[in-house]
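Undergrad: Sharing the features that TrEMBL gives for it:
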type	residues	note
BINDING	74, 81, 82, 83, 140, 166	substrate binding site
BINDING	125, 126, 127, 209, 210, 211, 212, 213, 214, 215	2-oxoglutarate binding site
BINDING	136, 138, 192	Fe cation binding site
DOMAIN	118-218	domain 'Fe2OG dioxygenase'
Ligand code: SIN
Ligand code: FE2
């Protein structure tokens, strides 16, 4: 048995939901029972579509490295932000969305009040210490009917959940390994971001944080 894992699970509160907006919910520890089923397919996805650092339309190199799986993958370059069916790095379709990712996405969405969520895209973000994501909206999807399901793995992060205006002061939400954040409906276009990741070593994931963002993009 992995004692680190056991200790972590035992020291955490039982899964609980924190409502942080009309249609924004943090599901604490919700993904913990899924982790063993997520990691082997995650490794396979990353072998086929490795992490890479992309450039924003403004010419900045992102501190977060990313990859995707699903029929669509989110990319950015000098020409803008968009979803593509092919990985620009390999020229191949993005790897399929693993069944365990789909199941976690659907169950977390349902728990947060969004029935029948089926993701077609999963953005995979890797944060090393110092990496951050500035405030933005997720608005490259075809429509905004489906929620966003965001799964945190590895090192803790300080998430910023803002409002519908960029100038709205963001809430600070600490996200730990296994936490799932879901937002949709009237909250679908809330600004959000992640403060610079702090140094550390996570017993399961090592010196990094990986975030899975499940979306319906097409
Ligand atoms: C994102 O908004 O794409 C990333 C969110 C996160 O890493 O928690
Ligand atoms: Fe986002």
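Each Cβ is built from the backbone N, Cα and C atoms, and glycine gets one as well.
Give me the lay of the land around each of these features.
TA: According to DSSP, residue 140 (substrate binding site) is assigned to coil rather than to any helix or strand. Other C-beta atoms found within 10 angstroms of the C-beta of residue 140 (substrate binding site) number 16, with every protein chain shown included.
Contacts of residue 212 (2-oxoglutarate binding site) defined by a Cβ separation under 8 A and a same-chain sequence distance of 6+ are given as 38, 42, 101, 122, 123, 124, 150, 151, 153, in order along the sequence. Under the three-state DSSP scheme, residue 212 (2-oxoglutarate binding site) falls in the strand class.
Around residue 136 (Fe cation binding site), the same-chain residues six or more apart in sequence whose CB sits under 8 Å from its CB are 191, 192, 193, listed in sequence order.
Across the domain 'Fe2OG dioxygenase' (118-218), DSSP helix (H, G, I), strand (E, B) and coil residues number 3 helix, 44 strand, 54 coil.
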Undergrad: Does anything in the same chain, at least 6 positions from residue 166 (substrate binding site), have a Cβ under 8 Å from its Cβ, and if so what?
TA: 135, 191
Undergrad: Take the C-alpha atoms of residue 138 (Fe cation binding site) and residue 81 (substrate binding site) and report the distance between them in angstrom, rounded.
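TA: Roughly 10 Å, rounded to the nearest whole number.
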Undergrad: I need the CA-to-CA distance for residue 83 (substrate binding site) versus residue 214 (2-oxoglutarate binding site), whole Å please.
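TA: Each residue's Cα considered, residue 83 (substrate binding site) and residue 214 (2-oxoglutarate binding site) end up 13 Å apart.
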Undergrad: Closest of the binding-site residues to residue 214 (2-oxoglutarate binding site), Cα to Cα, picking from 74, 81, 82, 140?
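TA: Sorting the binding-site residues by distance from residue 214 (2-oxoglutarate binding site), the top entry is 74.
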Undergrad: Please check each of the binding-site residues 74, 125, 138, 210, 214 and report the ones with a CB atom less than 6 Å from an atom of ligand 2, ordered along the sequence.
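TA: By the Cβ criterion, which requires under 6 Å to ligand 2, the hits are 138.
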